């Protein structure tokens, strides 16, 4: 296992609890004589920290590992910036859900010590890359760890579009939108729209229509290396939007083409050795526990 010496810290702004956890984490890492680098936005709200700082974009070039303190949204943003550097990412949960940031604040020192001592698991999570083209020219690009979503924006009208997979026409749809999700994103917006849960190790993409105006519109799971094209109808009078992880947004025009495919670089997500995906689902999604309260 890799030995981590240069540790970056990213923290969600606007939370007293996050700042408290970042301070604890900083003290813990310094006590282990590690080199700590703060992402510049969190460094600004920690006066007198005395540490090296870096932009998020450059953090992956100077760190062996990056620890994100916040919720899943914080880790999504970090993942898009860090995946291209192949730097491992560890999450400490200070959000409401914690599918990706799975270390609780009360176990920070114990779990981080295990990871730093070489006792951890690594999952490679792939991202999607999306490109919006108008008259053959790219007008917007974005990456997503969870999902790429076509939606009406501020309009309440349905969107008409065609779907192509690997150059083959699949169908036309009239719906509130379309969600294209990774296995990581299958437990996010896609799940709320009726999509299936996909194990993170699957090399697959799920396409989930949002309230389609048909009884036969259903999610479809395709190979993870597929290239998906969504063509917005030229007859549309509204300008829908494309959102990547709900954080980056692009406005489309009638006739635009949205291309979605797997990004070459992957996120290296670190978990403690006792991480159990099904336990996470059971806890976060309210699945039933063992019958009778026991048994192996």
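Note that Cβ sites are derived from N, Cα and C of the backbone, with glycine treated the same way.
What Swiss-Prot records for 72 is active site, proton acceptor, and it gives sequence analysis as the kind of evidence. The NAD(+) binding site annotation in Swiss-Prot covers 72, 73, 146, 147, 157, 174, 176, 187, 188, 189, 190, 191, 192, 247 and rests on sequence analysis.
A Cα-Cα distance of 10 Å separates residue 146 (NAD(+) binding site) from residue 72 (active site, proton acceptor). Shown are the binding-site residues 188, 190; of these, the residue with the fewest other Cβ atoms within 10 Å is 188. Each of the binding-site residues 146, 192 was assessed for Cβ neighbours inside 10 Å, and the highest tally belongs to 146.
All protein chains included, residue 157 (NAD(+) binding site) registers 11 other Cβ atoms within 10 Å of its own Cβ. It is 30 Å from the Cα atom of residue 157 (NAD(+) binding site) to that of the residue listed as 'active site, proton acceptor'.
Set side by side, the recorded positions 72, 176 differ in how many other CB atoms lie within 10 angstroms of their CB, and the most is found at 72. Straight-line distance linking the Cα atoms of residue 176 (NAD(+) binding site) and the residue listed as 'active site, proton acceptor', rounded to a whole number, equals 25 Å.
DSSP classifies residue 190 (NAD(+) binding site) as helix under the three-state reduction.
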